[in-house]
Amino acid sequence: MTRTPVNVTVTGAAGQIGYALLFRIASGHLLGADVPVKLRLLEIPQGLKAAEGTAMELDDCAFPLLRGIDISDDPATAFDGTNVALLVGARPRTKGMERGDLLEANGGIFKPQGKAINDHAADDVKVLVVGNPANTNALIAQAAAPDVPAERFTAMTRLDHNRAVSQLAARTGAAVSDIKKLTIWGNHSATQYPDVFHAEIAGKNAAEVVNDEAWLADTFIPTVAKRGAAIIEARGASSAASAANAAIDHVHTWVTGTAEGDWTSMAIPSDGSYGVPEGLISSFPVTCAGGRYEIVQGLEINEFSRPRIDASVQELADEREAVRGLGLL
Ligand SMILES: NC(=O)c1ccc[n+]([C@@H]2O[C@H](COP(=O)([O-])OP(=O)(O)OC[C@H]3O[C@@H](n4cnc5c(N)ncnc54)[C@H](O)[C@@H]3O)[C@@H](O)[C@H]2O)c1
Ligand SMILES: O=C(O)C[C@H](O)C(=O)O
């Protein structure tokens, strides 16, 4: 039986994450080796020519699963019938720009894109926001899409999750595959909190294996939280291949499920769990099954973790107030 292709829209398709992402979507890493895809690339007019070049390269790969590529600078066209929307294109912070200016500039992108998703996407659309500030951009898009169930709007903290797993593996000598149940809480920003207190390393409690709170506080947490800045410093450009890889992981896990005995981190609309105000798009430990996610409940939050989670959540609440003030919600 021939499967109907899944429509995948990628915004900012001509950017550096787009270039690292599109080939992996087309080769089956996003949705599975038996799922054909149609790509919809959204760019601003200045990016269209480069997007066309990328589409030529995608053609030249002769991917068996790739059933078409459309390129547009019109959100209504790019999101028409889309099942998976990866919102990557965003306005980067430029010199002298205040955070409020950045939120306003991104409001001009994510509000119309949210409306286009509302009006044109498929009923089962799933949205991942990668473009920064990702959590609040997701909130802006969600607010502009009242007909789409709110839980379909998510933002990416999987890169932070993967970074934390990698740092923990390096410190303990464990294999990455032995590390389970790590959590990123809060915002995809320097305030995020990577939590190892419920994580396991080959079945043992990770915090007990590490047994060094000073290392957690002074090395592990800042290394993970400031990794994006360290990559920019080293590369002269922000993370691209690792960000694309995390976007693939986020959607793949959402669609295909978490492994038994493990969970992942996704920024999702809060239902009030763990004291995170309802509606904020904040990172939580989640399990996925059947194309849906659920917050892992009942975790004890200790004295080390509580203020760190609260600080990141407070930043999200402040960002929500700022975009409310700008009339974006
Ligand atoms: N959440 C995360 O973990 C994470 C990690 C890395 C990067 N990021 C963010 O992802 C975003 C993209 O990064 P990049 O390195 O690919 O940037 P980039 O500048 O290389 O590419 C961005 C692309 O978006 C396009 N674009 C701008 N406005 C658009 C719009 N309204 N519609 C469609 N396309 C538009 C631009 O033309 C450009 O081609 C940035 O905001 C970056 O900070 C997030
Ligand atoms: O683009 C950035 O500011 C950094 C990025 O969000 C990252 O975490 O690598």
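These residue numbers are counts, starting from 1, taken along the chain as shown.
Glycine too: its Cβ is placed from the backbone N, Cα and C atoms.
According to TrEMBL, the feature active site, proton acceptor maps to His188. Summarising the annotation, TrEMBL assigns NAD(+) binding site to Gly12, Ala13, Ala14, Gly15, Gln16, Ile17, Gly18, Asn106, Gln113, Val130, Gly131, Asn132. Among the features that TrEMBL reports, substrate binding site is placed at Arg93, Arg99, Asn132, Arg163. According to TrEMBL, the domain 'Lactate/malate dehydrogenase N-terminal' annotation covers 7-146. Residues annotated as domain 'Lactate/malate dehydrogenase C-terminal' in TrEMBL: 157-321.
Feature map: annotations from TrEMBL on the structure.
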| residue | record | contacts (Cβ under 8 Å, 6+ apart) |
| --- | --- | --- |
| Gly12 | NAD(+) binding site | Gly18, Leu42, Glu43, Gly47, Leu87, Val88, Gly89, Ala90, Gly131 |
| Ala14 | NAD(+) binding site | Leu41, Glu43, Gly47, Leu48, Ala50, Ala51, Thr54 |
| Gln16 | NAD(+) binding site | Ala237, Ser238, Ala240 |
| Arg99 | substrate binding site | Ala322 |
| Gln113 | NAD(+) binding site | Thr11, Leu42, Pro75, Phe79, Leu87, Ala141, Ala144 |
| Asn132 | substrate binding site | Ala90, Pro92, Asn106, His188 |
| Arg163 | substrate binding site | Pro194, Val224, Arg227, Ser242 |
Cβ-Cβ distance under 8 Å to Arg93 (substrate binding site), same chain, at least six residues away: Leu102
Secondary structure tally of the domain 'Lactate/malate dehydrogenase N-terminal' (7-146) (DSSP, helix then strand then coil): 63 helix, 26 strand, 51 coil
Protein Cβ atoms within 10 Å of the residue listed as 'active site, proton acceptor', excluding its own: 29
Neighbour count (Cβ, 10 Å) for Gly131 (NAD(+) binding site): 25
Gly18 (NAD(+) binding site), number of other Cβ atoms within 10 Å: 25
Taking residues Gly12, Ala13, Ala14, Gly15, Gln16, Ile17, Gly18, Asn106, Gln113, Val130, Gly131, Asn132, which bind NAD(+) in the record, the widest Cα spacing (Å, whole number): 20
Binding-site residues close to ligand 2 - of Gly12, Arg93, Arg99, Gln113, Asn132, Arg163, only those whose C-beta is under 6 Å away: Asn132
Helix, strand or coil at Arg163 (substrate binding site) [DSSP, three-state]: helix
Binding-site residues near ligand 1 among Arg93, Arg99, Gln113, Arg163 (Cβ under 6 Å): none
